[in-house]
């Protein structure tokens, strides 16, 4: 009976010493038990190491245990296993309920207890109390002595939570910390380990409970040997001493044996021998000794074992690591299992490491736990509850359906059904009660109901069948979950819903079988483990809180809190693979080569300073009062220092330290102080970078097949551009050509070099087939011609190939335009029927008629989007205000005008009144233009008839002569030309152009420095909604448009002003009759030019660019054309900024005439 301490710095062979002693004992045929105790996370690795060192005899004669396994053995042998051990899930769920029940009586934690994450913090504090033997009695004594009021209140509330938790827990359970307390009790009367020889390895400190267990073992065992990582024993220590934590542990152990009267069998100093791990490596031995030595010594010998690499970013960093690993394996005969990669936060590096290592064909295992929240089963459960608690939203429904756990929707066919369903749901705004109703709408308009075809009826019938299959079990689940129930009842309902109603558990079994058959071990493990975790959490919840009454949302909170405590460990899929992990989890286990990545300031060592519920100051006060708890943040800084020291002493032969200059988000980063320290203690080490590498490897770019192919592509590109490349690339190229798997890819590379996204013209025959209607005519609108002028390729995709966007149930700008136009047209018809004149309309008339028209429109179309929600009801009221304001302005404009409204919604190409505009092309084909004019006004003056076209717009628009010249704004001139050409049929005599104007439909917000009178408001509104466009430069005609226009004034309703002399002021909106004629000629020639290009199959990727306005910014097809202005062949069609007089001159030159823009 006695304690022996085996000590030495990192790499001195402490673990190997223990294993060798066990091996020696086994060789001598021991009669007593041989036990090696290590931390829980190292049991598997240690078992492997012992098995490799000793062989099968180890299994019969020795055991590798953790304290947890030790307790399990004692309870099984000597009793104590009567109460179930509660896992972290049950513990967290119980704490949640305790906090809920105590919440209103709390002061300090009342608000915090409802915050996400507080349960974990509270759980850690309870665990800490138990680890450090803080019980109710200790808390009472300490609280009475605390003078700090805030800490006193905090401790009183913590005591209440602690006591309530223990009271409920001990009704039938113990937690893991109680295990050690129970183990202490049981060891007193248990002879299981009497006479055993015990080694305790890999611990830097022990909790009070663990120390108590060690004390009990010391009394019963033949010997207890404990390893400690220390430079020297019985030496003075300061808090900055690298080994302060282990020296404190040594002190506690010595105090323990003195108090218990146990013999001390002395020290074994492994520092006296040559470092076991670094005996063949001077540089690594020097790092171990001098990394934290003050003052330090320098090593000026040759450096072969340490590399420092400064990476541009994380991708460059990991690619360097991958290439170097392959170099070690190929040239130095390393095995992948001899290599480890470690960092401070493996989560940050997981994705980039996985991607690059896969590319370089490096087998690897990431030693980390993964969150189960994204597993399909957990998503399925949460989204099922979200569906019924959040009113059947689109997001929750399709999360639920896309998990793949409903058997009807598995596989490709199931996915296609979901896609079809999703398209309908998005197009028709299905949510809430609409899921419970039969779907009958299949109209293309979101504002009006339409007749549907037989084909669409069949689609609807199929969709309704799918809907029924989805809704029926969910609706039943919803009804069962109404109101408050016990947690046990909710658990039963949920499990029956999953297992009996939907066969989800059976579906998971099928997935597991499929994954196993296809060598997908990780996926198979995830699916069956998460299912078992869910069942376990459900059972724990029932055991702990089964009789608690709650509603569905509270039940899901409890369940998710339990599930959140579980993380799933990944399993190694091969024996020979690179080990990747956090520095806190990876220990030296035959690691010949080590890569420490992400060695940046604030990252390694970590700068994290989370205090938890108890601050550093609180802990100091409690320590003064006799309560010793876990480390404060200051102590953790020095513990982090020891962690770094441990990490840098893992490698046996080769160490690589890397850091990126920028993080994953592109933010700059500095190297860690460790990098500077390494440069000081090893002055001969040279820092490498992408442009400077010490390892002379002219074949560095030849690595794994895929990255080598990428490098080959770059080399081929250089050669294609005339640059010199290394000779070996032709042999690499030949190798890929000989390999069937890669030959096709090489061909793609070659084609890629010749690739251009420029499109060849399609044939005239193909263009006709694409653009002709079912009557073999090419009929189109002016807006489509303008679209072609913007970009021929976009037109080809939209109107030739008939590409369509996914239909979404939303009110878009075109929908708004259609709605406003329709109401204005109905308004005009209404006042005609009532024999009212525009000029006689009052504000009340306007409001009443508009309200009635809008209400009828919405009422008569039940499926209209304006009936779908309160939000759209608000929009409807807003539309009423806008339309009312607009018709009032139109009324005022008509009062001030001698022009009269002749017709609304005048169609050409759709009626007998106005024929389509026929465009005869030079090549012999004909195009037919159809359109609809919002409003035509007429004026009879001095025996002549003048026509004025008004185009309603929901946004601001002015006539731009430059856009017109380039075919981007032709519509009003085309309409005018059609009217003038057909005027004898329309107005029964030849008419002349009076104006083409835009009217903005709006209820403008007025800006003013002070209050305005009613008259001033009226004037400001008229100014804001002034008609914009071109007017005939004739004072009589202009005066007829605004009969209030007087000499020396500006019109409030049209873009014109009158000089004091009575003639019109200079204004680019005023053009002569000859100029109107010129524009009409030009627009016809421009349309013919556009149509000729269209029929000839020109589909150039040539988007227009005017100043900063680029057509591509609003194009839905940019991902198809892949236009890139940086490519040599990709060019914008630039619309240069020109003066109006220069444009008039160009128009003159194109169509003839002597009219200028002056």
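Placement of Cβ uses the backbone N, Cα and C atoms for every residue, glycine included.
Annotation source Swiss-Prot lists ATP binding site at 8, 9, 10, 11, 12, 13, 14, 15, citing sequence analysis. Taken from Swiss-Prot, the feature [4Fe-4S] cluster binding site applies to 791, 1112, 1115, 1121, supported by sequence analysis.
Here the features listed in Swiss-Prot are painted onto the structure.
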residue : record                        : Cβ contacts under 8 Å, 6 or more apart
8       : ATP binding site              : 14, 227, 229, 230, 269, 270, 271
791     : [4Fe-4S] cluster binding site : 1101, 1102, 1103, 1104, 1111, 1112, 1115, 1133
1121    : [4Fe-4S] cluster binding site : 757, 759, 793, 794, 797, 1101
Residue 10 (ATP binding site) has how many other Cβ neighbours within 10 Å of its own Cβ? 21
Reading the DSSP string in three states, the entry for residue 15 (ATP binding site) is helix
Let me make sure I understand the structure: which of the binding-site residues listed (11, 13) has the fewest other Cβ atoms within 10 A of its Cβ? 13
For residue 1112 ([4Fe-4S] cluster binding site), just count the other CB atoms lying within 10 A of its CB, please. 18
Cβ packing number for residue 14 (ATP binding site), 10 Å threshold: 23
With the [4Fe-4S] cluster site defined by 791, 1112, 1115, 1121, which remaining residues of that chain have Cβ atoms positioned within 8 Å of the Cβ centroid? 793, 794, 1101, 1103, 1111, 1117, 1118, 1123
Residue 12 (ATP binding site) has how many other Cβ neighbours within 10 Å of its own Cβ? 25
What's the number of neighbouring CB atoms sitting within 10 A of the CB on residue 1115 ([4Fe-4S] cluster binding site)? 19
